[in-house]
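What follows is one structure encoded as structure tokens, with my remarks underneath.
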Amino acid sequence: PSKTSPFVRHVVATLLGIYFALFCFGWYALHFLLQSGITYGIMILTGVEHMHKYCLVVALGYLSFCQITRVYVFDYGMYSADFTGPMMVITQKITSVAFEIHDGECVKEDQLNQGQKLLAIRRMPSLLEYFSYNCNFMGILAGPTCSYNDYIAFIEGTPYRHRDLENKGKVNGKSRLNDPSPNTEVIRKLATCFISLLVFLSVCKVCPVERNVDDDFIATTPFYAQVVYLYLSMLTTRPKYYFVWTLADAINNAAGFGFNGYDSNGLPRWDLISNLRIMNIELATSFKVFLDNWNIQTAHWLKRVCYERCPYNPTAATFLLSAMWHGAYPGYYLTFLTGIVITLAARAVRHNVRPYFMGSPTLKFVYDVITWAATQIAICYTVIPFVLLSVGPSLKFYRSWYFCIHIGCILLAIALPVKPRHLRLKEQQPAIQPSLESTDSNSNQKQKIKGWRMSLQKKL
């Protein structure tokens with residue numbers, strides 16, 4: 001920013017992004033501009049009160065139309081490149097901006113939670129800023145999604161003014177407001193990409209997912225071996241996602257985007273727009289932990305746009321929105337419908353069973369081992385239709401397992417009920433209030449002490 005103005009940076013980022021899109025997808029890249037242009041017009045014409053709803057419907061509808069066309073027309077014709085992949089990210093950005101403008105200009109501040117206050121947009125973006133955010137070269141092909149305020153702060157070179165970082169950018173009392181070098185983090189992430197790609201190319205053919213629905217395999221393989229093979233075959237599909245998302249993160253970091261302050265040891269964090277945490281995924285001991293560390297930016301988008309705002313059954317609504325956003329393959333809907341059942345069961349087990357295992361380190365270790373194995377198998381069981389895509393093979397797999405996890409999760413959700421979300425939030429309020437009062441009193445006490453010190457210094 002000290003050498004180039006934000007205007008120049010917006011122009012260059014947008015033009016390079018459009019060039020990359022045209023190079024990869026040809027004239028189908030015009031859908032990116034058309035989707036962005038239509039929704040910007042909606043924002044201008046409809047006003048802030050209802051624009052977020054209209055933008056969600058139009059952006060998601062346009063995306064769904066393109067996905068259906070690609071799957072059922074182009075895949076069986078002359079062109080099969082997935083130009084809808086970038087549109088999925090642009091849809092997230094369009095809807096995020098619409099909701100954040102609505103929060104910033106239409107909703108009272110005391111009605112927003114802390115995250116919504118931080119991300120609220122207080123003015124309408126210009127057309128150039130809007131297209132730069134949606135179509136910049138760093139994220140046009142593989143994302144990840146970021147907040148509009150974070151992107152503008154990066155373009156203008158003022159991330160510390162946007163985010164109230166811990167310790168105000170100080171570590172051990174020393175100011176750390178300088179821009180750290182991303183080189184070390186970029187090299188580390190590129191190494192992760194190389195390893196992920198090597199693993200994927202080495203093992204993806206060894207354990208094909210399609211073998212899970214092979215008639216001979218089902219007929220001749222013991223059930224315990226089918227469980228092990230399911231885990232191994234689904235495990236081999238993850239490295240390609242590790243490769244793509246880590247590479248996208250590294251590209252943004254190399255451009256200087258993604259700095260997220262310093263950790264407690266004074267080391268720079270470059271995880272502002274990271275999309276996954278590999279070790280947390282592989283060692284997850286609950287369905288929620290796995291989802292919280294997989295496709296992180298999409299999870300944030302679903303939470304901000306749907307889960308936090310849906311008044312009734314937000315879990316089911318969020319899974320439904322996720323399925324619609326992912327595409328037109330029936331396997332996606334089977335995955336997310338199964339995910340609803342497993343999420344409810346996992347929540348019930350955690351609330352009702354987990355406390356009995358927290359009494360000693362040994363019991364906790366046993367609980368962690370059991371829940372790790374259960375989580376990994378449940379994830380594989382849930383996600384296999386996502387990989388198989390079609391209804392026939394997916395239902396064939398579930399029939400070979402006698403729908404056992406579906407049935408077990410439904411029984412657990414019924415037998416171990418959990419209080420509704422709004423009641424749990426009400427119960428948390430009394431616990432939060434004393435903490436806030438204590439914090440306020442401590443803050444007032446510190447201000448008084450600071451005032452006494454200043455008065456003594458003046459007298460001296």
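From the backbone N, Cα and C atoms, a Cβ is placed for every residue, glycine too.
Residues or ranges marked as compositional bias 'Polar residues' in TrEMBL: 434-446. Per TrEMBL, compositional bias 'Basic residues' is recorded for 447-460. Residues or ranges marked as region 'Disordered' by TrEMBL: 434-460. Annotation source TrEMBL lists transmembrane segment at 12-34, 54-73, 331-349, 369-388, 400-418.
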Same-chain residues at least 6 beyond the ends of the transmembrane segment (54-73) whose Cβ lies under 8 Å from its Cβ atoms:
31, 34-35, 38-39, 42-43, 46, 80, 82-84, 87-88, 90-91, 94-95, 97-99, 305, 321, 324-325, 327-329
Return the stretch with the most CB pairs under 8 A relative to the transmembrane segment (331-349), choosing among 12-34, 369-388, 400-418.
400-418
Are there residues at least six beyond either end of the transmembrane segment (369-388) with Cβ under 8 Å to its Cβ atoms? List them, or say none.
209-210, 212-213, 227, 230-231, 233-235, 237, 283-287, 289-290, 326, 330-332, 334-335, 338-339, 342, 346, 394, 397, 401, 405
